[in-house]
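Engineer: The following feature annotations were taken from TrEMBL:
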- 267-284: compositional bias 'Basic and acidic residues' (COMPBIAS)
- 74-194: domain 'Palmitoyltransferase DHHC' (DOMAIN)
- 257-284: region 'Disordered' (REGION)
- 6-27: transmembrane segment (TRANSMEM)
- 119-139: transmembrane segment (TRANSMEM)
- 159-179: transmembrane segment (TRANSMEM)
Amino acid sequence: VAYLIIFHILFVLFVWTYWKSIFTLPVQPGKKYHMSYADKERYENEERPEVQRQILAEIARKLPVYTRTGSGGIRFCDRCQLIKPDRCHHCSVCAVCVLKMDHHCPWVNNCIGFSNYKFFLLFLAYSLLYCLYIAATVFKYFIKYWTGELTNGRSKFHILFLLFLAVMFFVSLMFLFGYHCWLVSRNRSTLEAFSTPIFQNGPDKNGFNLGFVKNLQQVFGEKKKLWLLPVASSQGDGHFFPMRALCEAQNPLLSNEEQWEDDGIDEEPHEHGEAASLAIERET
């Protein structure tokens with residue numbers, strides 16, 4: 001009876017977290033990050049990259065965006081026609097910009113981001129416990145198989161197959177879950193682990209690292225009683241994230257506006273080649 005109770009509890013949590021990971025749609029940036037019709041028309045009709053950069057800088061004045069592209073420009077998605085919030089990326093599979101995008105997961109056929117990252121972590125954790133529990137309860141019958149205590153040939157095959165699957169998935173999930181635990185402890189996403197976010201003072205892989213406890217609270221929330229339940233409790237709205245460096249407390253788009261204005265706007269047309277190469281990167 002105790003084995004069955006534990007089994008069904010793990011099974012319910014496993015299915016619940018899997019369901020939440022699948023059907024929790026990724027959150028897209030709010031309307032204030034989208035271009036208005038007039039700004040969009042002005043941006044598309046402008047052919048000079050440096051002027052386009054100024055247009056984006058003007059639009060971004062009222063937005064809390066602190067990260068940049070590799071060339072120092074504003075992160076702009078030409079497909080969704082919006083200025084990307086910090087940690088937001090465009091998913092080519094979902095064809096939308098996803099807040100705090102981590103990756104597109106084929107296991108759940110959904111984009112893992114701000115809205116369902118906690119559910120994805122719990123799904124991995126309960127899947128790991130589920131496989132471990134099955135392997136532990138089947139292992140004693142596997143021993144009986146080797147000692148010849150089992151006489152039914154069909155049961156031998158079932159036990160071997162079940163134990164093999166449980167151990168195989170347990171090992172693979174252990175590495176995947178361990179990697180994401182490390183990411184949470186450093187307050188990074190999978191994309192940020194491979195491509196360091198760039199701030200005003202350059203790339204900083206620990207730009208969002210606030211310390212172990214605060215990093216956990218960003219994903220799971222402040223109420224510890226909700227940490228192990230697949231209910232929404234993550235901090236913030238996905239558009240803005242506290243940063244480690246105090247010097248980044250002000251919007252770098254505003255503080256560096258004069259530098260952008262002197263980036264070659266008054267140069268002759270034959271000098272625009274180098275400026276064009278350093279223009280805004282449209283990330284996809």
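Using N, Cα and C of the backbone, Cβ positions are placed for all residues, glycine too.
Tell me what's around each of these sites.
Structural biologist: Per-residue confidence over the domain 'Palmitoyltransferase DHHC' (74-194) averages out at a pLDDT of 92.
The list of residues near the transmembrane segment (6-27) in space but at least 6 beyond its ends in sequence, with Cβ under 8 angstroms from a Cβ of it, reads 91, 94, 96, 98-99, 101, 105, 108-116, 119-120, 122-123, 126-127, 129-130, 133, 230, 238.
Beyond the ends of the transmembrane segment (159-179), by six or more residues, the same chain brings 121, 124-125, 127-128, 131-132, 134-135, 138-139, 141-142, 145, 150 to within a C-beta distance below 8 angstroms of the stretch.
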